[in-house]
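Enquirer: So Swiss-Prot lists the following for this protein:
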REGION    1-21  region 'Disordered'
DOMAIN    25-131  domain 'VOC 1'
REGION    131-153  region 'Disordered'
DOMAIN    167-282  domain 'VOC 2'
BINDING   H170, H227, E278  Fe cation binding site
Amino acid sequence: MDTHRADASQRSQAPAARPRHAVHSIDHYALEVPDLAVAERFLDAFGLTVARTPECLEVYAADQRCWARFYEGERKRLAYLSFSCFEGDFAGIRQQLAASGATLVEDPRYGDESGVWFFDPDGNLVQVKIGPKTSPSSKSPARLEGAPGGQRGAVVRSQVQRVLPRRLSHVLLFTPSVQRALDFYRDALGLRLSDRSDDVIAFTHAPYGSDHHLLALVKSSARGWHHAAWDVADVNEVGQGASQMAKAGYTQGWGTGRHVLGSNYFFYVLDPWGSFCEYSADIDYIPAGQAWPAGDFAAEDSLYQWGPDVPEYFVRNTEA
């Protein structure tokens, strides 16, 4: 654990028994929102590519992969969350779902019926299907900062390029019970605890090589969608993304700062529905097979190392 990571009040976390089978990636997430035109403007300003289909908006990052779908609905909510697994894990995951008491869904509302669909303990619709690993298999390269003596270290403002996120990094869900959700995603889908802060927030990773968190869970009075995080090259792109969104009229958010759990640089942009999109750079990476020393951190050491004060609306669940 490096000196950037708060550890003075870290309490050891005994590992739970690990299931044999696990997902390896988030394939994509899907939201329902009241107005797709509003969603398209926001996502385009953020630096993502949006394609309209007869059913929804498909959202692509710079890697030209569809990471999200937006459907029209009465209000903003998570439509579903889709995970991918290797073929050799699929049957075992189905058995783990049955053992965990998951409610299977035979006829999901959405077009893709592949894999297995079910509700998690909070009532979120989830899909697991066989697919290629799309989570990184090594730490995403970050640009080196600084310039040698005798050279300029920054381009002029007029030459700053538009920030285009490289890929989806992770998502965070509100849950009435962090421990219950953590137990389910561990026992049913094989996700492993990375770090936590009591029963307030927990971060999980996939065992096949994963960012520090693939799925995060935070305490609320109800289920809900908090944010999706998108990987960018460095802290400059985090700050440039904040400026890019402010210029487009999206001025509310939190950052720029640096997290403790995950260590990533961040800026969160408030979206039109009260949740967030995050620019994220240089997040910790957990290689396949590595035993990560999961910690239980005090509240004051669990959120950020530096940055502006947290706005009140950052922890508001607009779906509660």
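Using the three backbone atoms N, Cα and C, a Cβ is placed for every residue, glycine included.
Just so it is clear, the model here is predicted, and its values are computed rather than measured.
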Enquirer: Given the Fe cation site residues H170, H227, E278, which other residues of that chain have a Cβ within 8 Å of the mean position of their Cβ atoms, reported in sequence order?
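Expert: Not counting the recorded site residues, we get S169, V171, L172, A216, H226, A228, A229, W230, Y268, F276, C277, S280.
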Enquirer: Below 8 Å Cβ to Cβ and six or more residues apart, same chain only. Which residues does that give for H227 (Fe cation binding site)?
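Expert: Once residues fewer than 6 apart are set aside, H227 (Fe cation binding site) is near V171, L172, Y268, S275, F276, C277, E278.
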Enquirer: Using a Cβ-Cβ cut-off under 8 angstroms and a sequence gap of six or more, which residues of the chain neighbour H170 (Fe cation binding site)?
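Expert: The answer is I26, D211, H213, L214, L215, A216, A228, A229, S280.
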Enquirer: So, three-state DSSP: helix, strand or coil for E278 (Fe cation binding site)?
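Expert: Reduced to three states, the DSSP call for E278 (Fe cation binding site) is strand.
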Enquirer: Within 10 angstroms of the C-beta of E278 (Fe cation binding site), what count of other C-beta atoms is obtained when all protein chains are considered?
Expert: 28
Enquirer: With DSSP as the reference, give the number of residues of the region 'Disordered' (131-153) in helix, strand and coil.
Expert: 0 helix, 0 strand, 23 coil
Enquirer: Taking DSSP three-state, what's H170 (Fe cation binding site) in: helix, strand or coil?
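Expert: Note: H170 (Fe cation binding site) is in a strand by DSSP.
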Enquirer: For the domain 'VOC 2' (167-282), report the average pLDDT of the model, please.
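Expert: A mean pLDDT of 98 is what the predicted model shows over the domain 'VOC 2' (167-282).
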